[in-house]
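Now, the feature entries from Swiss-Prot:
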- 778, 780, 782, 784, 789: Ca(2+) 2 binding site (BINDING)
- 22-127: domain 'Calponin-homology (CH) 1' (DOMAIN)
- 136-242: domain 'Calponin-homology (CH) 2' (DOMAIN)
- 729-764: domain 'EF-hand 1' (DOMAIN)
- 765-800: domain 'EF-hand 2' (DOMAIN)
- 1-239: region 'Actin-binding' (REGION)
- 240-365: repeat 'Spectrin 1' (REPEAT)
- 366-480: repeat 'Spectrin 2' (REPEAT)
- 481-601: repeat 'Spectrin 3' (REPEAT)
- 602-714: repeat 'Spectrin 4' (REPEAT)
């Protein structure tokens with residue numbers, strides 16, 4: 001579309017204004033030189049340096065990329081100059097610009113007003129029209145661009161191209177918006193207009209390569225700065241930052257690709273770190289569980305049991321959760337790699353989920369064996385404690401007996417009558433019988449206990465043996481020696497003694513023996529029942545039955561003593577000085593023993609019932625736990641095999657698994673009920689299974705967690721495929737721009753409005769490209785673009801493609817079409833410092849910069 005003709009009549013107030021004329025001359029001269037310098041040329045006086053047409057032709061060739069033909073390079077005469085300038089004016093008109101009132105003669109005659117009018121027309125066509133289609137639309141689009149970029153800046157409100165820029169803040173805001181590293185806007189003195197203008201002009205010239213087309217005086221020494229000069233200068237900002245935006249867009253595309261690969265690499269690194277730490281913990285814990293050094297006391301073993309219980313309650317569950325989370329991370333990583341068509345992640349040996357599960361199973365086996373070893377050791381220590389108590393009780397009783405007898409035997413009293421001497425001899429005979437009975441029974445019991453302690457690997461057996469042997473060798477032998485001495489003394493005095501009351505002696509002897517048996521029998525009747533199985537109860541029952549058989553034989557001895565007592569009473573001897581116990585006392589002990597026997601029978605029956613019931617519960621727990629464990633294992637296999645290439649099919653499969661898992665919950669509740677019954681029964685070990693409630697619950701939760709995380713990953717991947725790649729901020733920007741150019745609010749843009757809208761947001765299309773876009777998105781063919789069609793175009797044009805070609809293309813834009821990219825270009829296009837560091841560390845260095853092509857190839861291998 002052609003430019004509107006530029007009036008050059010004397011009514012043009014802007015050209016008549018001398019100050020504006022001076023400003024335009026300066027600005028237009030700088031603009032021309034910004035292009036002529038590409039050819040190594042320049043002008044100094046805009047009204048004289050174009051009079052021969054040579055530099056004017058150079059300017060037109062640079063800005064239009066189209067040569068001006070047949071220009072006389074060595075004009076000699078005025079007619080030659082007019083011909084050259086005429087060719088230039090025709091060249092301008094050939095690009096769709098109508099020149100009204102501007103002739104070659106006026107330019108050759110150095111008419112400043114005509115020259116400035118011509119240059120303004122050129123600026124409109126080649127510098128500002130590419131922002132829109134015609135002057136009004138171009139001005140509006142450029143103004144909208146300034147307003148959007150300076151929105152939110154303190155005391156900056158752009159409403160025109162003259163007074164709105166007079167304080168310099170708008171220029172500073174435009175620079176800060178795009179290059180915040182160049183200006184600290186908050187530190188500016190908002191009232192220092194000259195300082196702000198000078199700062200903006202200097203930075204634009206030095207850092208942005210925008211020539212200084214205006215001076216501070218051009219903006220401040222007039223009430224209203226020249227609009228054309230300001231527009232020309234602002235257009236330089238637009239074109240500079242538009243080029244930067246392309247590089248930034250390419251940088252964002254590269255950034256998205258890098259985010260994906262960096263996240264995958266970080267996920268791999270995190271998995272390996274956590275997996276290594278977990279496997280190390282499992283190995284260390286398994287080594288400690290394989291130790292069997294539990295100490296040599298019940299308290300020590302119970303301390304180990306408490307520590308093991310606390311470990312299973314507090315230390316192990318988080319590690320079990322870590323197993324589940326690592327498997328979820330591993331499967332999620334594989335799913336993401338598969339969905340983006342990358343090679344699967346291969347973990348080092350020993351760190352795959354299956355290998356970790358195997359290591360975990362070995363740990364649980366070690367736990368089971370550790371718990372069993374503790375149970376056996378506690379049982380052993382309890383047996384040792386009972387045997388030691390019994391051993392000490394027997395030996396203490398012997399020591400007390402020996403001490404008592406030593407006092408008696410050491411008196412050496414013979415009595416004052418034959419009866420008394422005979423009584424002492426009889427008493428000594430009773431002592432001898434009791435001594436032999438005690439020695440035989442006690443020594444047998446002590447040896448039996450020592451044998452049992454030896455079998456239990458009790459390390460104190462030598463000390464106990466030495467104590468026993470020392471007692472019998474010293475104190476016991478001393479008592480026997482004293483008895484023998486005392487007996488000889490009595491016999492020496494007994495020549496006149498006669499046998500007195502053999503029956504009393506017989507009673508004393510037999511009663512003492514029976515009394516010893518009754519006291520020894522207490523151990524079979526009153527010892528506590530300490531078992532944890534049906535077999536244990538049966539073993540005690542067998543020993544008890546053997547004892548009952550012996551008891552029936554001892555009962556015959558009691559009846560014989562009863563008959564002997566009756567005979568003594570009939571003879572008038574109710575007292576028996578030779579006996580240590582009376583029949584009534586012996587009978588009372590016997591009756592007490594009988595009561596204990598009956599109670600023992602009840603205890604054994606109850607214990608058998610209890611252990612039988614506990615065993616039934618253990619078997620029920622084992623069956624249910626095995627069922628749930630098998631179900632979890634099969635379901636986990638199903639999840640790991642859910643590898644369909646269709647994400648929706650994967651999602652349907654995993655959701656079906658989650659639903660079925662929820663329906664299985666009552667079976668877990670049933671297991672909890674059985675476990676509660678076992679806990680109430682104080683059953684801590686189950687020989688029918690190695691599963692515990694905690695291990696089943698851990699497997700159950702692991703399945704639940706893995707399924708849900710798998711669901712989340714697949715849902716996320718489906719959603720990722722549906723995303724457009726356009727941010728909410730960009731969508732809001734598209735809507736605001738569309739509404740601005742939709743003047744009649746009919747939710748449609750005509751061709752001119754659509755083109756202006758695209759250019760206001762930085763999309764510059766040629767006429768051919770614009771025609772192709774409209775024919776593609778105007779689906780109803782009505783010649784207008786609806787908001788929905790506009791958004792579809794913006795989304796499709798900004799949706800990144802994840803391929804090696806698209807990534808290379810993005811890098812090429814950032815590198816300004818070179819085959820290598822510099823660090824400065826990377827930092828100019830990408831703002832994320834982590835992404836910048838990653839690129840600088842990963843890209844191969846080449847002469848002049850970095851090889852982005854080989855880097856992109858490596859990314860997609």
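Note that Cβ sites are derived from N, Cα and C of the backbone, with glycine treated the same way.
Where Swiss-Prot records a feature, it is marked here on the structure.
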residue : record                : contacts (Cβ under 8 Å, 6+ apart)
778     : Ca(2+) 2 binding site : 784, 785, 789
780     : Ca(2+) 2 binding site : none
782     : Ca(2+) 2 binding site : none
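Those residues of the chain, other than 778, 780, 782, 784, 789, with a C-beta within 8 angstroms of the mean position of the Ca(2+) 2 site C-beta atoms are 748, 777, 779, 781, 783, 785, 786.
The domain 'EF-hand 1' (729-764): residue composition by secondary structure is 23 helix, 2 strand, 11 coil, according to DSSP. Over the repeat 'Spectrin 1' (240-365) the predicted model carries a mean pLDDT of 88.
Other Cβ atoms within 10 Å of the Cβ of residue 789 (Ca(2+) 2 binding site), summed over all protein chains shown, number 19. Remark: secondary structure over the repeat 'Spectrin 2' (366-480) totals 102 helix, 0 strand, 13 coil, with classes taken from DSSP. In this view, residue 784 (Ca(2+) 2 binding site) is surrounded by 17 other Cβ atoms within 10 Å of its Cβ, with every protein chain counted.
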